[in-house]
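Engineer: For reference, the structure I am asking about is given below.
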Amino acid sequence: MSSVSTIANSCSRGNSIVFVADKQTCRSKLCTSSLSFKPKFRSLGLEAELSSSGLVSMCSGCLRGRFGSERCFHSGDGVGRHSAIGIGCRDARQRHICASSEQLGGMAVEESVCDESMDRFVEVVHKLADAARVITLKYFRSKFQIIDKADLSPVTIADRSAELAMRELLAEHCPSHSIYGEEWGLTEPEGGSDYVWVLDPIDGTKSFITGKPVFGTLIALMHKGVPVLGVIDQPVLQERWLGIQGRVTTLNGVEIQTRATTLLKDSYLYTTSPHLFAGDAEKAFIRVRNEVKVPLYGCDCYAYGLLAAGHVDLVVESELKPYDYLALVPVVEGAGGVITNWSGQKLRWLPEVGEVGIEVIAAGNASVHEAALQSLAWNEKTTRAKI
């Protein structure tokens, strides 16, 4: 029996998968007719099947709030309606802030995944990255439809097709695991799972649609709230960073490490864009930017790969969602770096926390990280009160 088959057997606890439709964007605008996605999804009594002739969508016109309301769930010609428990943005963010100390606080010693299981999961994550790479390369620098989400961020057929391809593989190889993706939300097996795969098929969609090869596919595996496996894959440059809890990060199979810069004034800093910061976060970023040697812009997730490989020293960003940062944690830490929120707390996440944006800082070593934190002077308690 192959390793991957072993995973499927050892992970399987049933065929029913719960689909939590929590996205505001109308899915019907983009079709994924070239893909077949067989597992059925159940959303509070409504069953649907993704197939080459079918389509699962949720209409933004049926939403009356970002995190909860009456929702309209479409599949083919059928429409089902259900109510969901809503949580406010402020409460959701507060729950994220408290996650490490309350929801995850019971883990005095974080449980690690055994080597045999991890090796099998590594096989799976490479399959996911390979599948996403084929699709993104097919569409890169070609003409395709671009849709703006409710938050005005763009999404393309490439994003959705790549995520569905990864979901199909996970349904085959790890059917008992949960999946959380940027484009299709959360799916859970009945009874839940200690394992959650977090997918961002194209991190840096704006770079992707403008032909700039610094976007990437991000894949994380969470175990009881802890990122234990992470991949940054850059399809065009054919570069793949692999981070595994307790092991050294590799770039295309070669071990890498962050560089030895120790002073903030000697550091090279990356952020995706200075325009992504606002209010107190903008003021905090400017304080750090004014202290580094060189501030640089425009690399999306690729900047974290450059940091892990020893080319830059610091990455500072704001309002990152779980699928934006969880895959980065094992990659950065396995190369000798440090990655936390702006208050210095480790990055942890549970599905019940929801899709909440947070501030993230990554540094090549503890010295630069601590200096940058002091410069940020980020008071989470004060900031939380302003939300």
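Note that Cβ sites are derived from N, Cα and C of the backbone, with glycine treated the same way.
Here the structure is a predicted model, which means the values were calculated and not measured.
According to TrEMBL, the Mg(2+) binding site annotation covers Glu182, Asp200, Ile202, Asp203, Asp324.
I'm curious about the neighbourhood of these features; can you describe it?
Structural biologist: Reduced to three states, the DSSP call for Asp200 (Mg(2+) binding site) is strand.
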Engineer: For Mg(2+), what surrounds Glu182, Asp200, Ile202, Asp203, Asp324 with a Cβ no more than 8 Å from their Cβ centroid?
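Structural biologist: Here the nearby residues are Leu199, Pro201, Gly204, Thr205, Thr217, Leu218, Cys301, Lys321, Tyr323.
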Engineer: Enumerate same-chain residues with a sequence separation of six or more from Asp324 (Mg(2+) binding site) and a Cβ-Cβ distance below 8 A; give 'none' if the list is empty.
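Structural biologist: Looking at Cβ-Cβ distances below 8 Å from Asp324 (Mg(2+) binding site), excluding near sequence neighbours, one finds Asp200, Asp203, Leu218, Cys301, Val360.
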Engineer: List nothing but the one residue from Glu182, Asp200, Asp203 whose Cβ has the fewest other Cβ atoms within 10 Å; the candidates are the binding-site residues.
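Structural biologist: With the binding-site residues Glu182, Asp200, Asp203, fewest surrounding Cβ atoms within 10 Å: Glu182.
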Engineer: List, in sequence order, the same-chain residues at least six positions removed whose CB sits under 8 Å from that of Ile202 (Mg(2+) binding site)?
Structural biologist: Thr136, Thr156, Ala158, Asp159, Ala162, Phe208, Phe215, Gly216, Thr217
